[in-house]
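**Q** The structure follows.
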């Protein structure tokens, strides 16, 4: 059990590249913190610095108040689970799990007891004498977990431990991992590029981009109150819709029609001294088929009518895609997001893509007109230059 | 700012220590290789420019390119050179065809794959001299089963054409498995999906082989050919045992050896060494420049993935 | 390749036939020399593939002569020492080539490639004279040195290919599990590298065991003559009326270890032979 503190930690490589810049983060005792971001954002480097596998260039790492920068990995009493699992191929499952205990010169009886206990928890008892090569992906993953928990270390570090599993198994393992962490109550730092994993597992999420922390907060907080365009676009699936908007006479002119500015929003814009041209963000789940919205609710919101471009029916819900005849959104942070997610259509000029989530009972059809309702108070406004969320309240 | 600069210094220090470690690790191997090849090469160039006959040790003197003139106007040298080229070209050509057939067999066979692979490795492992003796006795009249069966009443190893054929047979037998293994590794690089796609596009078995398999394997084939050509050019063991160079069957290696042991003429011997070295360099150059053979060394850089 | 029209039964027959051809091709010369070694002096010239009278007397004869026993000791000793040194040097160099970045790496790889393709005969004349002057001619080191040199490229290639395949992340994992760098090497990396080292050792040993050119050029007596060289001197030796049987027996004796290697380590030898040459 331990508290991990990163105090202005930076990593600069010998070639001058800055991989991680001034991270300030306190992981509380027993907390499950997720480092999430696109590949190359510095999340694995950060984890490796905590592990001691990479040197910290500047700043200080403290575990339980003790400076760790100069300690070898073995003297930090933390365990790590690797993306590739890094199981020793020449050792059996039992030997793999016992390895850290043997190195720590634990008595034989205790080694046996703890390995068997861990195997029981992870449902590996019958595989103890097999080699990693003869195990399935899920079993290997559990052995890697087992090797971490037998030591009862101060903290777990996990580097994309589930990304080599297929989608279904990943879902199952996510649940059992979460349960296991709560049960053991061990401080955990977990790295992933998958925002779903981040949302479902973490007590708190740290969003990283290009070596900089974008935002730290609980999953719900990041979803409801993203601090900038990058976080807004990265968290949530499908991603938030972004459209251009212009403030005119207390109204917001958007491709979805004129939207009155609520008092709350106007106050924020005034306080931030916002420019007239803005980016408006709306989550797909904040739309609904207008035909399914009750009259009195409908009046509180706005509607727009457009032709459905593509309709995806998932059974439990429907996604209606629209191609709006309007200027696409341009912003540096959105370009970054498009680059890392590979979805270049975020920034195409000429048309803007809009995704809306509708109830399964919606009668929407492809290539037919549909009237869609949305709540203007849910929309989020961003500064196109800095990407800052102008309607953010901490 | 200052701290960053200090840290950078520390990093290049780490880089420097990595280099030092690498050099220390490589130094022994590099030293041995250079000492045992580099020095003799220089020395043989030096010797080739001198009159140096161990039977007349008093007559050492610098004679410029006279040794080269002697060797290059000598009909034995040119005969040996022709024989070497002939053996090299014919045996490598046969090996390529047989090796490819063997590789495909090993790649596609349905039964006893392990057995076939193991067995084909045996010629590679057998000492060349042992195999040469086996062929020698097989083709010796009275003693040999092949002499009795194929050429009754004559002694093939006393005729030039037959001798060359037997030398090539022995070479081919010994080195085809090695060729096959290199080609097999190349075959494994041809994705099955590519062949299926070609089949769907209407290509027959032969077309698939010529239009898909061979082009994809080209780098592997060229490397195998380069290795084998240079190796075949060194042919010595088989000739020594089978004919001892009788009836104009000497290779350049054979006549260099004879000159050294029987002639004890180091000047002439070194001249031949230098000439062979130049010939091999030309062959390698032709392969790399004309066929674009990727030197296997270049892959050592890029990593095996 | 997708299944063609031939029926499974016919394909089976075809493959059986092909495999039999391959096996006969590979084994016939070996079986023939073995057969000669078991023939009696009276039947050795009968030209029969299978001996009519079986005898072990040829083997008895060669082990009674100093000429062969001495050569066998030379062969084993020289090949083992050369293998040991070459693999030790190559392991260090291959680790550097596979794992470290340093200027001169390309040069090292290039030089060893040159040596792998070098016409060995070009070295024989100068080495003959250098060794004579240094007193190395006709000694064990006189053969061990060129053997090391010419097997180093092979060993470096094979080993660096193997080393690149080792999942080095395990080294990190071991450190996280509480291992010191030395423990990580000894308990995790060394066991994984061992098969590669062993494979290169086999290949190098086969190379040294096989050599004839250096063995016959750089030796002049029983002091350091290896079996392949000694075999060529059996011919016409007054000690035996007809050396055919004894040469064959000696040939079989030096063939057996290689055949055993091949049988036991087939997979590894294949991996080793092809790793250096075809990668990339």
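Count begins at 1; order follows the chain as displayed.
In case you wondered, yes, glycine gets a Cβ from its N, Cα and C as well.
Predicted, not measured: the structure shown is a model, and the values here were computed from it.
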**Q** Transmembrane segment per TrEMBL: which of the ranges C:44-67, C:140-163 is that?
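**A** When C:44-67, C:140-163 are checked in TrEMBL, transmembrane segment belongs to C:140-163.
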**Q** TrEMBL tags one of C:184-207, C:208-231 as transmembrane segment - which one?
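**A** Of the candidate stretches, TrEMBL labels C:184-207 as transmembrane segment.
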**Q** Would you say the transmembrane segment (C:247-265) and the transmembrane segment (C:140-163) are touching, if the rule is that at least three C-beta pairs must lie under 8 angstroms and be 6 or more residues apart?
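**A** Checked: the transmembrane segment (C:140-163) vs the transmembrane segment (C:247-265), no contact.
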**Q** Using Cβ atoms and a strict cutoff of less than 8 Å, what residues sit near the transmembrane segment (C:184-207) while being 6 or more residues removed from its termini?
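**A** For the transmembrane segment (C:184-207), the nonlocal Cβ contacts are 79-80, 82-84, 86-87, 90-91, 147, 150-151, 154-155, 158-159, 161-163, 165-168, 170-171, 173-175, 258, 261, 265, 268-269, 271-273.
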**Q** So if I exclude everything within five residues of the ends of the transmembrane segment (C:71-95), which remaining residues of that chain have a CB under 8 angstroms from its CBs? That is, six or more out.
**A** 108, 140, 143-144, 147-148, 151-152, 155-156, 158-160, 162-163, 193, 197, 200-201, 204-205, 208-209, 222-230, 253-254
